[in-house]
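A.B. asks: Attaching a single structure in structure tokens format; questions to follow.
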Amino acid sequence: MSSPTITVVGAGLAGSEAALAAAKLGVRVRLFEMRPQKMTPAHRTANFAELVCSTSLGGEGEMQSKGLLQAEMRSVGAAIVTSADASRVPAGNALAVDRDAFSAHVTEQVKNHPLIEVVEGEVETVPDGICVIASGPLTADALASDLRRLTGSERLSFYDAAAPVIDVDSIDMDIAWRAGRYDQSADYINCPFTKEEYLAFFEALETARSHTPHDWEKLEFFEGCMPIEEIARRGVDTPRFGPMSPKGLDDPKTGRWPYAVAQLRQEDAEGRMWSLVGFQTGLKWGDQKAVVQLIPGLHNADIVRYGVMHRNTYLNAPEVLDSTLQLRADPQKLVAGVLAGTEGYLESSATGWLAGTNAARLALGLEPLTPPAESMLGGLVRYLASANPKGFQPMNVNWALVPELPTEINEKTGKPKKLGKREKRPPLFRRGLGAFMAWAGQDAGVPVTPPAVPEHPQDELPAIR
């Protein structure tokens, strides 16, 4: 008897994860990807799961909400996190990867799987039968229009951007230095500004922004991947209280925090390419170079990849999705990734894993499932299905998505004990991971292996990509 077959549209992070998750359950998959026949404004290769913005999948460890989601995905052997682990580069307490090695690793897994058939070409209408739609933030107009018809929902969009990448040999290390915040690592290159240098940089950034064709007042951005020029538009000090914050970075020449700092993070395993952290941009390339070379230590910067800005597309998830990621209008259709209203690589891949697992269960005659509320994936998909649809915007994981710990009463005062982050988060992490693994092994019926958990005592990392 032949295995049942499902369709997956899109071979990004969510689609690749969905295809591999379904195939792991013994279901055949037809995976459609329009690249390289039709490229997007943001992609540059034909590889699957190409990272078009940052190379970070977020902070690790018990203090991090993304750390819990990483651990959940590691426990079920999810492809994106295991590929990230196999291609990781030094990034302090974050899980960052070599961009090309990562996508090559995912592509190899997908193309070599005997149950996955890759079909090159654009999908213009929602396929018949059981299907995972993971066409991503750059969903082609024809498919987006058919999705709108199917769901009755207006298509929403926001703007996203990538940061410039610098050749390490062009960085002046007599000015810059390597360190992490509060000496937690030496995985970042830091470029220090005096007040005068910062104000000159800011003025050039403002002038460059005025050269772009964008009507900045009308563009919607997601806060976690906002262009540096849009951050600057909000005020002269906004960048240095955001991605250019000097907190925890002692300049070895002065022993003090600089007025502002531009940080660079390693992009590749060899350490030859470094991206400017939080410097996503849509500036014209000539202006980008001029602005970047005003950063102390980058006066001779060789930009090997310029930043770009593009539009992202997503559905109003609370109006159209159940927590199983099935469309309410057609339960045989599931949606994953940015299109489902998630923000972030890790979130996209995790919803891909759930959508692929549930699509396979449907094909096998089983009921689709929702992970427990205590788990980070369960909290995320419950939010997508139940948030206020008015003004809905994509969501990344955070601790507010999972239930609070049971309240303990202070015996002396008779009042509830107030717990700090360091007291609350490790128990939330352990509770969530335990609940997820029990659910995955018992209810979902997938193999589970307890993951190693990095012990990083720091607070939640800022949402800077």
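Cβ from N, Cα, C; glycine included.
OK, Swiss-Prot features for this one:
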- Gly10, Ala11, Gly12, Leu13, Ala14, Gly15: FAD binding site (BINDING)
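Structural setting of the listed features?
C.D. replies: Under DSSP, Ala14 (FAD binding site) is assigned to a helix (H, G or I) in the three-state scheme.
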A.B. asks: Other than Gly10, Ala11, Gly12, Leu13, Ala14, Gly15, which residues of the same chain sit close to FAD? List them in sequence order, counting a residue when its Cβ is within 8 Å of the Cβ centroid of the site.
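C.D. replies: Result: Val8, Ser16, Glu17, Ala18, Phe48, Ala49, Ala134, Ser135, Gly136, Ala336, Gly337, Ser348, Gly352.
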A.B. asks: In the structure shown, with every protein chain counted, which of the binding-site residues Ala11, Leu13, Ala14 has the densest set of Cβ atoms within 10 angstroms of its Cβ?
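C.D. replies: In terms of Cβ crowding, the pick is Ala14.
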A.B. asks: What are the non-local neighbours of Gly12 (FAD binding site), defined as same-chain residues 6+ apart in sequence with CB under 8 A from its CB?
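C.D. replies: Once residues fewer than 6 apart are set aside, Gly12 (FAD binding site) is near Phe48, Ala49, Glu50, Ala134, Ser135, Gly136, Gly337, Ser348.
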A.B. asks: Tally every other Cβ atom lying within 10 Å of the Cβ atom of Gly10 (FAD binding site).
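C.D. replies: I get 29 for this one.
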